[in-house]
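Visitor: Sharing a structure below in structure tokens format, with a few things to ask.
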Amino acid sequence: MKYVSTRGSAPSLDFAGVTLAGLASDGGLYVPEEWPRFTQDEITAMRGLPYAELAARVMQPFVGDCLTPDRLLELTTQAYGRFAHKAVTPLVQLDEQQWLLELFHGPTLAFKDVALQLLGLLFEEFLGREDGNLTIVGATSGDTGSAAIDAVAGLDRVEIFMLHPKGRVSDVQRRQMTTVRAPNVHNIAIDGSFDDAQAMVKRIFADADVTAKHRIGAVNSINWARLMAQVVYYFAASLQLGGPERKLAFSVPTGNFGDVFAGYVAAQMGLPIERLVVATNINDILHRALSQGDYSTGTVTPTAAPSMDIQVSSNFERLLFDVGGRDGAALAEQMRAFEASKAMRLTNAQQQGASALFTSTRADEGETAQSMRWAYEHCGEIIDPHTAIGLHAARHAELPGDIPVVTLATAHPAKFNDAVERATGTRPPLPARVGDLFAREEAYVELPGTYEAVRDHILANAS
Ligand SMILES: Cc1ncc(COP(=O)(O)O)c(C=O)c1O
Ligand SMILES: N[C@@H](CCOP(=O)(O)O)C(=O)O
């Protein structure tokens, strides 16, 4: 399997190459040269497999000959061994049509663990082969940071610098990052938004002063391996609800467009999906793009779902590339113009291509709280604000009545217990597996929101 950049000019790489590269050298994102496709019989044969085996089966075509099937299975078995639920990503039924796919049973209570527990192992595997090291620079609105730090803390070959927007993540999220005391972990709070942090990360990859001294890697969903691992749970849900004979719809609380793009990939691989519902909060650039073709940024407004307070969605570029005819040169031009003006119109081909599978809905703060209350009062389920946005969209999307609708439950409600308590009157306790989070000491540096401050800090502290 070879991977190409969405901007057309970076060298194509194999799976190990893209895992370590993170971002392509032309500023684009790596995607497979072509989508591998399973037959209906091959998908049917996956029914009943334990999650780790299903994961190895679904991911093998993307990994190619970079890992043997046996080695891939060893890694998935190790990665999913730390999950608190045997099914890894269990389904919960809410009513005749609505389901939740609980993705928060990993060590840091959010869906990011599903991919990052594996990514940490892949880094070790591929760096070990070449006796190399990696300096990871990441941006987080709360969940990627904690999951990535958990996955790489203490690794010899990897050092991580994680940027979060100061004061814009929940207390639990911040503490999950800043109380991890390992010599290879560096937490940085910046003045600014997640988008500012993400832009700095992308700039670091192109900064010759940094890359001359350090090999920079990514844990954000710009890294293809993140998305690949997220494809698996779409298969897991479908197989439990009658797939591949029966179509499902998925509603996905969306920020950086990674999780829902993984659903798009599952569909390209042959999984029958009726619709992918993109659910946003009031930071709704994706809803405007999908419903009106208008991809223009506004200021990021803090909400009860801070992990989705994003206006520039990295992975949307992957979709625009794929549905827009895979023309890297044209997309590079379109992205350059967007980066300069912070606005773009989707082409007709992009808009029509996206509308074949995607639909979108936006929930404001009142609707988010109302959705948490509905789940609690009608179904006895306490859900977090991000999941609530997905569920709001699932319940309001126009979908055939006989299609099961699966909302991705992306975080444990205790990660956002203030918002949950405000909406439902109930404060979910932290699961025992996160331990004494509020008794541990925090360590992080605060930096101004300028690229130079962050770059200089990394250069001064990276080993
Ligand atoms: C809890 C939660 N839900 C939803 C999202 C949005 O996912 P994505 O950025 O892949 O669209 C995030 C952040 O990524 C998150 O942390
Ligand atoms: N919501 C994310 C933002 C980063 O997204 P990623 O999926 O690209 O890592 C977070 O919680 O950090």
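Just so it is clear, glycine is given a Cβ too, placed from its N, Cα and C backbone atoms.
Pulled from TrEMBL, these are the listed features:
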{"type": "DOMAIN", "residues": "2-80", "note": "domain 'Threonine synthase N-terminal'"}
{"type": "MOD_RES", "residues": "Lys112", "note": "N6-(pyridoxal phosphate)lysine"}
Visitor: Count the Cβ atoms, other than its own, that fall within 10 Å of the Cβ of the residue listed as 'N6-(pyridoxal phosphate)lysine', considering every protein chain shown.
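Guide: Its Cβ has 33 other Cβ atoms within 10 Å.
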Visitor: For the domain 'Threonine synthase N-terminal' (2-80), what's the mean pLDDT in this predicted model?
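Guide: On average, pLDDT over the domain 'Threonine synthase N-terminal' (2-80) sits at 98.
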Visitor: Which numbers of helix, strand and coil residues does DSSP report for the domain 'Threonine synthase N-terminal' (2-80)?
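Guide: DSSP composition of the domain 'Threonine synthase N-terminal' (2-80): 40 helix, 7 strand, 32 coil.
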